[in-house]
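Visitor: Okay, here's the structure, questions in a sec.
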Amino acid sequence: MLKDVIDLLADPNDGTALAGKDDFSRLVSESGHSFDVARQGYVTLAGGAGLKHNGDSLEMVQARETYLSLGHFAPFVEAVTNSMIEIVDEADLSDAAQPALLEVGAGTGFYLAHTLDSIDNSRGIGLDISVHAAKHLAKCHSRAGAVVADVWDRLPVRSGSIDAISVVFAPRNPAEFQRVLAPKGQVVVLTPQAGHLDELREPLGIVGVETGKVERMYEQAAGFLEQSAAPVELSFPMELDRASIAAQVGMSPSARHISQEELARRMAELPETMRVTARARLDRFRAVSK
Ligand SMILES: C[S@@+](CC[C@H](N)C(=O)[O-])C[C@H]1O[C@@H](n2cnc3c(N)ncnc32)[C@H](O)[C@@H]1O
């Protein structure tokens, strides 16, 4: 709940601390700005200009929830959580500490909830620009606080407050990650790799992973974040039935360039089940000291 992470949150306009008011129906900053908490439990923390786009649609969020809950990405979920556990262990926090986690572009909160379950006393902000995702995030775990915000803006998070950040197939803001990380904090990033879902690409006409994605991530990070552990390549087969394939296609924009009718026609021609490769790479960063 937002209560669990209130000391980590900040006014998106000026970075001042927030406090819950009127039984946490709104958050008010030291500088007097007020942000209503939606009845579903999430809060939108956007500065004056508001949010510039909507992120994932309701249909995409529902498809993601279906796909993840079938366990097809379990090795990814385990790998991210294990990395987050290592980071918190390496931070060597006091026994009384409540490790502070942040997941950016957190979607339904499936990964965040798994990590919160695996780290005693931890609490976590699930941040996403999609209101539909935030509704899921708000109920993904009792120690998760759901925030609607744009990762490209100033993050509504207190400087130096976060022990571990995770980013799974979502955008990153290295300068802001550097600012919000605690001194021993680190970032885990999972990015899809060439070969990810390859078996679906040709029959369904979905777009491949662009080349140079990892190189660009390191270029963007330069001066703000530096590598803190050797990258790990993850690759595993998934047995997907048609319903799972439909959920996989529905949760990403990669098939949006062909019409729904054409997609349905191509889906109907697929075998009942397919063996499909999942492939991604896990990178770890710490803040470059200022
Ligand atoms: C591919 S999904 C990944 C979701 C989740 N990490 C997972 O793997 O299940 C990308 C997510 O990033 C969110 N997103 C896209 N642009 C964003 C932005 N500028 N700021 C915050 N979230 C954003 C989308 O709404 C979506 O939930």
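Every residue gets a Cβ built from N, Cα and C, even glycine.
Got these off TrEMBL a minute ago, pasting:
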{"type": "BINDING", "residues": "HIS33", "note": "Zn(2+) binding site"}
{"type": "BINDING", "residues": "PHE73, THR108, GLY109, HIS196", "note": "S-adenosyl-L-methionine binding site"}
{"type": "DOMAIN", "residues": "102-185", "note": "domain 'Methyltransferase'"}
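Tell me about the setting of these features in this model.
Guide: Every protein chain shown contributes to the tally, and the Cβ of HIS33 (Zn(2+) binding site) ends up with 17 other Cβ atoms within 10 Å.
The DSSP secondary structure for GLY109 (S-adenosyl-L-methionine binding site) is coil. Taking a C-beta cut-off of under 8 angstroms and a sequence separation of 6 or more, GLY109 (S-adenosyl-L-methionine binding site) has the following same-chain neighbours: GLU103, GLY126, ALA133, HIS136, LEU137, CYS140, HIS141, ALA144, ALA146.
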Visitor: Please give me the CB contact count at 10 A for THR108 (S-adenosyl-L-methionine binding site), counting all chains in the structure.
Guide: 28
Visitor: What average pLDDT does the predicted model assign to the domain 'Methyltransferase' (102-185)?
Guide: 98
Visitor: How many Å separate the Cα atoms of PHE73 (S-adenosyl-L-methionine binding site) and HIS33 (Zn(2+) binding site)?
Guide: 40
Visitor: Taking the Cα atoms as reference points, how far is HIS196 (S-adenosyl-L-methionine binding site) from HIS33 (Zn(2+) binding site) in Å?
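Guide: A Cα-Cα distance of 44 Å.
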Visitor: What is the biggest Cα to Cα gap, in Å, among PHE73, THR108, GLY109, HIS196, the residues listed as binding S-adenosyl-L-methionine?
Guide: 22
Visitor: Could you state the CA-to-CA distance between HIS33 (Zn(2+) binding site) and THR108 (S-adenosyl-L-methionine binding site) to the nearest Å?
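Guide: Answer for this pair: 28 Å between alpha carbons.
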